[in-house]
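**Q** Among the features that TrEMBL reports, transmembrane segment is placed at 34-53, 65-87, 94-112, 118-143, 155-176, 182-203, 215-236, 256-277, 289-307, 313-334, 346-368, 374-392. Look at TrEMBL and you will find 222-397 tagged as domain 'Major facilitator superfamily (MFS) profile'.
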Amino acid sequence: MNDPELDLAHAIAESEPLAAAPRLGSRHRRATRAVFLVAGLAMGAWAPLVPYAKARAGIDEATLGLLLLSLGFGSLLAMPVTGGIAARAGCRRVILASGAALCLVLPWLAWLSSLPGLALALFGLGAAIGTFDVAINLQAVAVEKDRGRALMSGFHGYFSIGGIVGAGAVSALLWLGTTPLAATLAVAVALAALLLYAASGLLREGDRESHGGLLPALPRGAVAVIGALCFVVFLAEGAMLDWSALLLRDERGVPAALAGVGYAAFAAAMSLGRMTGDRVVQRLGPSRVFLGGALCAAIGFALAAGVDAAPVALFGFALVGLGASNLVPILFTAAGRQRAMPASAAVSAISTLGYAGLLVGPALIGFVAHRIGLLWAFALLAAGLAAVAANARTVRA
């Protein structure tokens, strides 16, 4: 019987590549960066549109919360099967098809006003971004593996930059008086241009020998360990997105208009960490970076929860972003190189588990905060990241 930790410990060096392709060059690396940028731009562009969609539909906050679940359900249904499809059809077809769907769906979200229409469009956005996310990570795994050096953090860094640029650009256009529909059409044109730029560098061939069919496979062995770690890390990131501003406002006395600076500190530190992460991983190795990153994030949550000072909380949130920045990229690399499951199935599985954590996290934090207080909920997040750090040896090269 295989030991999951031993499987994962050897993942970095002893697995089969995703696809039997010739050596990949700078064209493939540039294409991979471009599609990660597309994913970030698409998600970032949606965020400023939420208040407009709420106003057009004439719904309250509770109904909006239920409506937004459509996006999550779309992703969770698409992610488990994408690996098998990409293994059969190749990353290029899946990325371009789901990318085209993103370009088509975004303008509808800026125009529709009926609740059923918005729910259907959000479900489509979720399915498209879920499919796109798995496929670009499979592309990244193959390119990194072929190159023989750490590249995953940098790829994910382009996603972070895309999110900041997408949200900022749409917000600026709306502030200048552009209609939501015109703003999203501009974003769709930019996405299409990036996809055309990337097309020639996307992998055409799949892994026909190891995909194991189109049906999703349950994570096993090393993949189950990676998936559990992904769930916790994504849960913590989701908590930062939805609860950091409330902690600053309600517990640290920061004015509501400024409370969003906590998430900004987190996002900026995460972007910085990812853009420099490949060199750090190459120099120190994935296990040390994983251990240090998880401990850094745990300390950040502990400072935010335990010290009654807004500047310390902001510093803590920046530590969370810096520490967590390379955790997910390292886990995706390990998923692509483990031996318990085909890479396509493994990346689909951990993407699904991670996204489930992102969805469950805010609600779980809310439940815990209602019972024992928001500060204690953040303290539990610190404990969860410490537990993640305890598993650092499972991603050693």
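Just so you know, glycine gets a Cβ as well, placed from its N, Cα and C.
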**Q** Take the transmembrane segment (215-236) and find every residue of the same chain, 6 or more past its ends, with a Cβ under 8 Å from one of its Cβ atoms.
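**A** That would be 2, 4-5, 7-8, 11, 80-81, 83-84, 297, 301, 320, 324, 327-328, 331, 334-335, 338-341, 345-346, 348-358, 360-361, 364, 381, 384-385, 387-388, 391, 394.
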**Q** Looking only at the domain 'Major facilitator superfamily (MFS) profile' (222-397), what is the model's average confidence as pLDDT?
**A** 89
**Q** Any chance the transmembrane segment (289-307) and the transmembrane segment (182-203) are in contact, meaning at least three CB pairs closer than 8 A with a sequence separation of 6+?
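**A** No, the transmembrane segment (289-307) does not contact the transmembrane segment (182-203).
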**Q** Take the transmembrane segment (94-112) and find every residue of the same chain, 6 or more past its ends, with a Cβ under 8 Å from one of its Cβ atoms.
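**A** Residues packing against the transmembrane segment (94-112) from afar: 35, 38, 42, 45-46, 49, 52-53, 56, 82, 85-86, 118, 121-122, 124-125, 127-129, 131-132, 135-136, 139, 179-181, 183-185, 187-188, 191-192, 195, 198-199, 202.
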**Q** Please report, as numbers and ranges, the same-chain residues at least 6 past the borders of the transmembrane segment (34-53) whose CB is under 8 Å from any CB of it.
**A** 64, 68, 95, 99, 102, 106, 109-110, 112, 118, 125, 129, 132-133, 136, 139-140, 155-171, 174, 180, 183-184, 187, 190-191, 194-195, 197-198, 201-202
**Q** Which range out of 65-87, 118-143, 313-334, 346-368, 374-392 gives the transmembrane segment (182-203) the most CB pairs under 8 Å?
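**A** Maximum Cβ contact count belongs to 118-143.
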**Q** For the transmembrane segment (346-368), name the stretch out of 65-87, 118-143, 313-334, 374-392 with the most CB-CB pairs under 8 Å.
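**A** So the stretch in question is 65-87.
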